[in-house]
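Structure first, then comments.
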Amino acid sequence: MRGRPSLLLVYMGLATCLDTSPHREQNQVLDIFLDAPEAQSFLVGRRRFPRANHWDLELLTPGNLERECLEERCSWEEAREYFEDNTLTERFWESYTYNGKGGRGRVDVAGLAVGLTSGILLIVLAGLGAFWYLHYRRRRLRGQESCLQETGLIIPLSPQTPQSPPLPPGLPTYEQALAASGVHDAPPPPYSSLRRPH
């Protein structure tokens with residue numbers, strides 16, 4: 001069952017691609033080419049928005065100062081293309097903000113944001129890398145130190161565990177207690193009666 005639907009799809013795809021009827025070719029040719037009024041409306045129509053120096057058929061459309069130099073930075077050649085006169089171009093170029101002589105230009109916010117973000121990210125990554133390196137190095141040095149102590153090559157000056165104070169001597173045995181003389185060697189006092197007074 002799985003093979004039959006896929007075979008049907010392959011057959012339909014090949015039949016569509018290999019269809020060479022003359023009626024179909026004529027319709028495709030008519031769809032590609034436009035009539036003269038439609039082509040003219042594409043080139044100079046008001047529906048198109050100028051795209052400021054981005055593939056907008058500049059060779060066929062007249063130069064526009066706003067599009068060429070005010071919306072974007074332009075070069076001397078683009079300004080010369082608009083003015084078509086060296087004296088007018090010189091006058092404009094002296095007052096133009098981005099003329100290469102300095103001047104106050106606008107801040108490129110996108111470039112500034114990308115630069116700051118990448119700088120901060122670089123600092124954070126460098127900090128994390130340094131932290132990881134130091135942590136790994138400290139762990140490795142501790143591991144080497146314990147291995148050397150176990151083999152007896154390094155004897156620590158101060159013991160790792162503090163020594164407990166010596167235990168007090170335990171109680172003497174019965175024989176030792178009888179042999180020793182001391183303050184408490186006297187026999188107990190005699191008991192007068194086993195009864196308690198009421």
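Here the Cβ of each residue, glycine as well, is placed from N, Cα and C on the backbone.
Per Swiss-Prot, domain 'Gla' is recorded for 52-98.
Within 10 Å of the Cβ of Glu72 (4-carboxyglutamate) there are 12 other Cβ atoms, across all protein chains. The 4-carboxyglutamate annotation in Swiss-Prot covers Glu72 and is backed by sequence analysis.
According to Swiss-Prot, the feature motif 'PPXY motif' maps to 188-191, an assignment based on similarity to another entry.
Feature annotation from Swiss-Prot assigns transmembrane segment to 112-132.
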Grab the pLDDT values for the domain 'Gla' (52-98) and give me their mean, rounded. 72
